[in-house]
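To keep things clear, I will list the structure first and then write my remarks on it.
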Amino acid sequence: MLINRLCFSIIIVLALMLVVTTPSSTHAHVQDIDLHSESAILIDQSSGEVLYDKSSQQQMYPASITKIITGIIAIEQGELDDKVTISEGATEVIGTSVYLLEDEEVELRKLVKGMLINSGNDASAAIAEHIAGSEEEFSELMNEFVNDVVGVSDTNFTNPHGLFDENQYTTASDMAKITQYAMDNDKFRDIVAMTEFEWETEGWETTIYNHHQMVRQYDEVTGVKNGFVRKSGYTLVTTATHEDDQIDLVVVTLNSPSANHAYNDTRKLIDYGFDNFETNKLEEGEVLFDENGQEYELEEPIYFTSETDNNWEKEIDDGGVLSVFNEEEEVLLEKQLKTQEELNKEPDPKDAQMAMGTANQSDDGINIIFWIGMTSLVTLITGVVLFIRKRRKRDWFFR
């Protein structure tokens, strides 16, 4: 009994150690919003701050919102004026289509529109083959792009269109960051904001209407993509801009039981964001001073989110850390600034390599110390348990 209690205590201690040493970077404002979607997130598109979170780190199946990353890669890495020759394989992809014909030539720009506005799976496949040679190679490119360029790590793509594959998954948090990145591109933003356009190819002539219903229904909604396959449920990614340019929002809802629920959940989150938050901006080139008179010039714009009509103030400590506080003295932003001298100083490549080596050695040293400590702790605990067992056995023998 004593051993069982001891082992249980050890497990609790180790769990607490892991909790204490695991950092959390999400500072979501707490709000009880009744949503039907299994996972959801609301962020400020400019600052990236999380304004609402519901299981946003949970891996889910994306369905056609996959096409957001296919679209931004096509725009950034392809030539939109290129003529794309449609393969037999692209015409045979199942699901929503823009009715491409084998061997016809279609402008890459038109394929991107047909994919993002009409959700054409055949257009997605044609784009992938044009950019990377095959869907498989394009999927590898997608994963490299979201990992290395966007900076997300809980997402994996196996195809460019979102047809179900158990190894194709994402999170609401990752999709919000991917969308935030994509919406910084003017060409992408212009396409997903289209309510309709004329489609003319050899196999189909029609007026295409944006499948994202809210783009057509609400002036403040600026994009981007809806999706559905049976195993993913209804997925929806939406961006919206307040009529007074007070704030730009990104909303992601995943695995909603119906399209109506996905749209209603999104509407609730947009209203919540508009009613409660605003984006603030410190302009590039603005000159700030710390308490000692040291001058700092902002090398880029700095965005942060505050509650609507809540005043804020900023200060810089003698270490060059900029802090922004609201009326309740809650920290809205902390950022390390560089002096003008530091900005003007060109680093020596050897110094950079040495600094990188030192940083790596420091990280390695911390890891080594941590694991030595953990190993010592486990060894000590094992010794204590063995000693107690041995003592109990000896006591029993001499009874």
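From the backbone N, Cα and C atoms, a Cβ is placed for every residue, glycine too.
Features reported for this protein in TrEMBL:
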ACT_SITE  SER64  active site, acyl-ester intermediate
ACT_SITE  LYS67  active site, proton acceptor
ACT_SITE  SER119  active site
BINDING   LYS225  substrate binding site
DOMAIN    30-256  domain 'Peptidase S11 D-alanyl-D-alanine carboxypeptidase A N-terminal'
SIGNAL    1-28  signal peptide
TRANSMEM  368-388  transmembrane segment
(request) Can you see whether DSSP assigns the residue listed as 'active site' to helix, strand or coil? (result) coil
(message) Across the domain 'Peptidase S11 D-alanyl-D-alanine carboxypeptidase A N-terminal' (30-256), what does the mean pLDDT come to, as a whole number?
(response) 97
(message) Quiz question: given the recorded positions SER119, LYS225, which has the greatest number of C-beta atoms lying within 10 angstroms of its own C-beta?
(response) LYS225
